Each structure stands twice: as structure tokens, then as C-alpha cells.
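A short worksheet on the structure shown next.
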Amino acid sequence: MCGIVGAVAQRDVADILVEGLRRLEYRGYDSAGVAIINNDNELQRVRRLGKVQELADAVNNNPLSGGTGIAHTRWATHGVPSEENAHPHISSNNIAVVHNGIIENHQELKNLLIEQGYVFTSQTDTEVIAHLVDHLLKTEASLLAAVQKACKQFIGAYGTVIMDRRDPERLVVARSGSPLVIGYGLGENFLASDMMALLPVTRKFAFLEEGDVAEITRFEVNIFDKKGNAVERDATEAQVSHDAGDKGEYRHYMLKEIYEQPTAIRNTLENRIIDNQINTEAFAGDGVNADQILKDIDHVQIIACGTSYHSGMVARYWLEQYAGVSCNIEIASEFRYRKSFVPKNALLVTISQSGETADTLAALRLGKELGYASSLTICNVPGSSLVRESDMAFMTKAGAEIGVASTKAFTTQLVGLMMMTIAIGKNKGMTPELQQELVQSLMSLPAKIDEVLALAKDIEALAEDFADKHHSLFLGRGDQYPIAMEGALKLKEISYIHAEAYAAGELKHGPLALIDADMPVIVVAPNNDLIEKLKSNVEEVRARGGLMYVFADTDAKFASDDTMKVIQVPHCDEAIAPIVYTLPLQLLSYYVAIIKGTDVDQPRNLAKSVTVE
Ligand code: M6R
């Protein structure tokens with residue numbers, strides 16, 4: 001949430017900072033700003049309401065010179081999106097600050113600073129950082145010391161970067177709850193909230209740990225842990241490709257990412273299946289025996305948010321049906337604030353694309369205190385907080401996902417969760433035949449998904465019917481119920497059409513009252529054991545004058561008529577049907593959003609990585 005870029009270099013850094021913001025814009029995009037110290041040691045600041053392009057135009061029209069600077073793209077928490085609330089915030093015309101996260105005790109600090117004569121010009125919590133550091137610099141010997149002291153007073157989450165025009169070749173950064181990465185250059189150094197921002201200038205990165213404060217100059221990076229001890233953080237070479245942030249031939253990142261799914265799944269499977277067996281090294285962690293842990297567990301507790309929560313819901317069906325292991329799934333923001341019971345030998349599984357979702361991370365930390373036998377994260381971002389703090393990590397190999405609406409991260413999570421199901425089931429009586437069958441189903445996925453993607457034109461035509469609709473209902477049964485939920489989330493998120501999902505059997509317990517010709521009903525109907533039950537639910541809708549859009553297995557014998565449009569989905573194995581049926585729903589929401597003219601990749605009010613609770 002929000003994006004930060006900073007640089008200390010000999011060359012002018014304005015273009016590096018603005019390009020970095022462009023690459024981070026998916027994290028927040030309601031306003032953006034940059035501050036640079038020029039050669040006369042003056043602070044120059046430009047801020048604009050709206051997208052990074054507004055800022056880029058302003059900087060183009062009035063170029064900024066100088067080699068030390070910080071920049072920010074904002075997702076508003078405290079204070080409306082506006083130029084005055086945009087970062088960087090400045091104190092006494094000396095200190096400039098950018099910040100991700102929330103300073104929860106900002107009001108208390110603000111009152112104290114007002115007593116000291118500081119005047120606040122924004123409604124943000126961030127401005128207290130600038131004034132507090134300025135205030136502390138009256139007694140502290142260095143910017144580093146002032147920031148370290150200030151951090152002790154903050155309650156909440158922050159990734160923050162501070163610069164002082166009187167000490168023009170230095171940035172001080174602090175991390176507590178919001179990720180920051182340092183990028184090493186030759187005679188220049190950088191930092192950002194996500195390494196994607198810095199790929200055009202460096203590939204060598206070190207992640208700050210919780211509580212770290214670091215000072216960065218052109219030639220040195222000095223890192224101190226939460227106790228103030230000097231520490232080293234390992235620097236690694238990024239494996240992500242430089243152009244991961246480009247749309248290529250596609251109109252939107254979301255569409256590109258939908259079409260990348262066969263490759264993303266292939267990459268996620270690669271080298272992880274040997275002789276029809278899951279290679280448990282795929283779940284490895286430092287100093288832990290993944291094989292043994294997966295053997296020993298008797299219960300799985302899954303925690304996640306949003307789309308990742310939906311993949312966890314599917315996994316519950318799989319774990320209980322195929323592996324014979326009990327499983328609970330809960331939304332992270334609920335789990336973290338209630339007293340829960342920890343069964344014996346329970347594995348805590350977190351699922352996250354970003355690995356930085358604040359609620360999921362907090363739930364993992366709580367789970368460790370509660371005494372889960374072990375923790376595993378299914379995650380797409382190497383080096384992210386969830387990966388570093390979990391005992392084991394299964395990395396989905398979806399590649400960078402830029403569109404706010406999660407697509408390829410979801411389907412690769414499901415691939416990882418099915419592999420986990422097989423790896424656990426193997427020791428719980430799953431027959432070798434079933435293991436082999438499930439593995440073969442997984443292997444058939446990329447080709448199957450290519451077949452579904454070939455339906456895009458038909459789905460685009462269907463989307464026309466939704467242009468004037470305000471509400472919609474998604475129905476599924478069994479492991480397709482979470483897929484209906486995911487379809488509804490996708491549609492509401494990018495087309496702003498109100499969408500609800502129900503387990504189809506639940507229809508008659510209330511939602512049936514909503515059915516009329518203005519409420520399209522979308523049904524996912526693979527040819528499984530529940531198909532006849534689902535057909536009865538379809539009849540209930542038909543009898544109330546509802547209009548249906550059914551994504552049905554070619555063998556399920558649905559036919560289009562006046563009340564129902566059927567898209568025939570190629571037949572697939574039952575086990576992988578939740579993954580296969582996700583694709584048409586992703587395409588449907590994409591094309592509806594195109595018709596509605598919304599900002600597909602950066603839908604209103606949302607941000608890609610939710611690092612605040
Ligand atoms: O990075 P995470 O998977 O932890 O993110 C969780 C949710 O914020 C995320 O899935 C969100 O719901 C997506 N925008 C859905 O498309």
C-alpha cells in the first residue's frame with residue numbers, strides 16, 4: 001500500500017524516482033510526489049493529485065536537478081486524496097519524509113508537537129514523522145540518531161524514508177511493519193518499498209528486517225537492528241526480469257496476467273514432481289525437515305485475505321476429501337482478533353500473493369505464539385515478510401503480478417495447495433493410484449487452460465449483457481462455491497457491479513427473493529457428483545424469471561434458451577475443475593470492466609498490497 005522510492009547518486013535522480021513510482025503505482029495511485037535536494041542544498045518538492053503521470057508531466061515541465069531524493073505514490077488512509085495530503089511531507093523546510101503504513105498514535109504526537117510550535121498543513125498521520133524528526137534534531141547529533149529516537153515513539157506500522165537538506169547526501173530509512181528494500185549501485189544507492197521499482201537501475205538487493213533503521217549514502221549502507229546494533233543484511237541478485245513491469249502487447253496488466261496462467265502454472269510445477277511424487281523440497285525452509293513436518297501433522301489451519309482466502313477455501317475441500325486431514329480456514333483479520341483453539345499437531349498455512357498483507361502477517365505471528373506445530377506460507381514474492389517469518393515456504397512461480405485484481409497468483413496458489421494436499425495425503429493413506437491421478441491432472445492444466453482461454457471471444461460477447469446491470473449473483477456448489485466467491489470478487493472489484501456469491505443450495509434460504517430479470521445469475525457447473533443438485537437450483541432461478549449465464553462442462557448437458565446462456569467449458573478432471581472454472585470468470589469480469597470503462601488495473605479505492613490493517 002503506497003509506494004516509496006529513494007536515491008542517493010551523483011547524477012540527477014528525478015527520472016529514476018518517477019520511473020520507480022510508475023512501476024509501483026499498482027500499490028496506490030490517488031496522488032504522488034517527489035522531493036529532491038538540489039546542488040544549492042535546497043529542498044524542491046512537487047506533488048500532484050491523481051496518477052503518477054500527473055506528477056511526471058509536472059516534473060517534465062519544471063525539471064528537478066539533484067542527486068538525493070525521495071518519492072511516493074499514495075493510497076489514502078488518513079486524509080482525503082489531495083495535493084496537500086500527498087507525500088513527501090516537509091518540516092521547517094529542512095526535513096522531507098515519505099511513509100507507508102499508519103502511525104496509530106499520531107494524534108497524541110501531533111498535540112505534543114503543536115505545543116512545541118509546529119504547524120500542520122495536512123490531515124495525514126505522516127506529517128508527525130517530519131516534525132518529530134525535526135524537533136529531535138535540535139538535540140540529537142545526527143539524522144540517524146533522531147530517526148532512531150523518533151521510531152521509539154511511534155505506535156503502528158511504517159516504512160519511512162527521511163532526508164535533511166543540511167545533510168544532503170544521506171537518506172535514513174526505518175522499517176516496522178511495512179517492507180523496504182535497499183538497492184545497491186556503483187557509487188549510488190537506492191531504496192524502495194518493492195524491488196520492482198529499482199529494476200531499471202540495479203539488481204542487487206537487501207531486505208530490511210523488522211525494526212531496522214539504515215542510513216544510505218552514495219558509497220555506504222549502514223544498517224542497525226531494533227536494539228541499535230550494527231547488522232548486515234544479505235544482499236542477493238534479483239531473479240525477476242527487468243520487463244516484468246511491462247504490459248507487452250496487452251491492453252492491461254490483468255489481461256496479460258490472465259494469459260500468462262499456463263506458463264505460470266508450468267513454472268510452479270517445474271522440478272517439483274519426480275516420478276509422479278511431490279518433491280517435498282518445494283516446501284523447504286531453513287533448518288526444517290519439510291518431509292517430516294508434513295508427515296506429522298494431523299490438522300491444517302489456513303489463514304488468508306481476499307482472493308488468497310478463496311484459494312484456501314478450495315484447499316479445505318481438497319484436504320478433507322483427498323488427504324483425509326481436517327482443515328479450517330479463516331480470514332486473517334478475524335483470526336488475529338479472536339481467541340482460537342489450537343488442535344494438536346496443527347500446521348498453520350498462510351496464503352498470500354504479496355507476502356506482505358498486514359493481517360495475514362499478524363495472524364502468522366499470533367499463530368507462532370499460540371503454539372502451532374509449524375508454519376507454511378504459499379506465497380508469490382521471494383524474500384517477503386511471510387516467506388522470511390514462516391518455517392516453510394512454497395513459492396508460487398506466477399511472476400510479478402501488477403494488476404490489482406489477482407489472477408495468476410490465485411491459480412498458482414491452487415496448484416501449490418493441491419501439491420500440498422498430495423504431499424500430506426501420501427502419509428495419510430492416499431493410494432498411489434490417487435496420488436498419480438491428481439499429479440496427472442495437475443500436469444494437464446496448462447493445456448486445459450489454453451483451451452479455456454480460446455473461449456475469450458464468446459465470453460466478451462456475453463459481457464455486453466452486463467453493461468446496464470447493477471447487481472449480480474454467482475452460484476456454485478462444493479469446491480466451486482469458493483470459485484463463485486472469487487468470480488464475484490473479481491466482478492465487483494474491477495467493474496463496480498455489486499456481486500454476491502452463494503453456495504447454490506443456500507439460495508432458497510433467502511437470496512432467491514432477489515431474483516428478477518435485472519439480476520444476472522452466473523453459475524459454474526462442472527460435471528461432478530453435484531451436477532443434478534445444481535440443475536435443481538438452476539430451475540429454482542428459472543422459475544422466478546431469473547436470467548442465467550452458465551459455464552458448464554460439455555458433458556453436463558446444459559443448453560442455451562431464452563432464460564439461460566451457456567458457455568461450454570472443455571471437460572476436465574474433477575480435481576482441477578476449480579482452477580479451470582476460474583478462468584472464464586476472470587475473463588468475464590475483465591470484459592465487463594472494459595465495457596463499463598473502469599480503470600481495470602487500478603480500480604478505484606484499492607491497492608495491490610495491503611500492508612495496513
Ligand atoms: O497479497 P495477498 O494475496 O495477501 O492479498 C490479499 C488480498 O488483498 C488480495 O487477494 C485482494 O483481495 C485482491 N485484490 C483480489 O483480486
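Every residue gets a Cβ built from N, Cα and C, even glycine.
Copied from TrEMBL, the annotated features are:
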DOMAIN    2-219  domain 'Glutamine amidotransferase type-2'
ACT_SITE  Cys2  active site, nucleophile
DOMAIN    290-432  domain 'SIS'
DOMAIN    462-603  domain 'SIS'
ACT_SITE  Lys608  active site, for Fru-6P isomerization activity
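Note: the domain 'SIS' (290-432) comprises 66 helix, 29 strand, 48 coil (DSSP; helix = H, G, I, strand = E, B). A distance of 9 Å separates the Cα atom of the residue listed as 'active site, for Fru-6P isomerization activity' from that of Cys2 (active site, nucleophile). As a summary of secondary structure, the domain 'SIS' (462-603) carries 72 helix, 30 strand, 40 coil according to DSSP. If you draw a 10 Å sphere around the CB of the residue listed as 'active site, for Fru-6P isomerization activity', it holds 26 other CB atoms from the protein chains shown. On its own chain, the residue listed as 'active site, nucleophile' has Arg27, Gly28, His72, Thr73, Arg74, Trp75, His87, His99, Asn100, Ser193, Ala607, Thr611 as residues at least 6 apart in sequence with a Cβ closer than 8 Å to its own Cβ.
Model confidence over the domain 'SIS' (462-603) is summarised by a mean pLDDT of 95.
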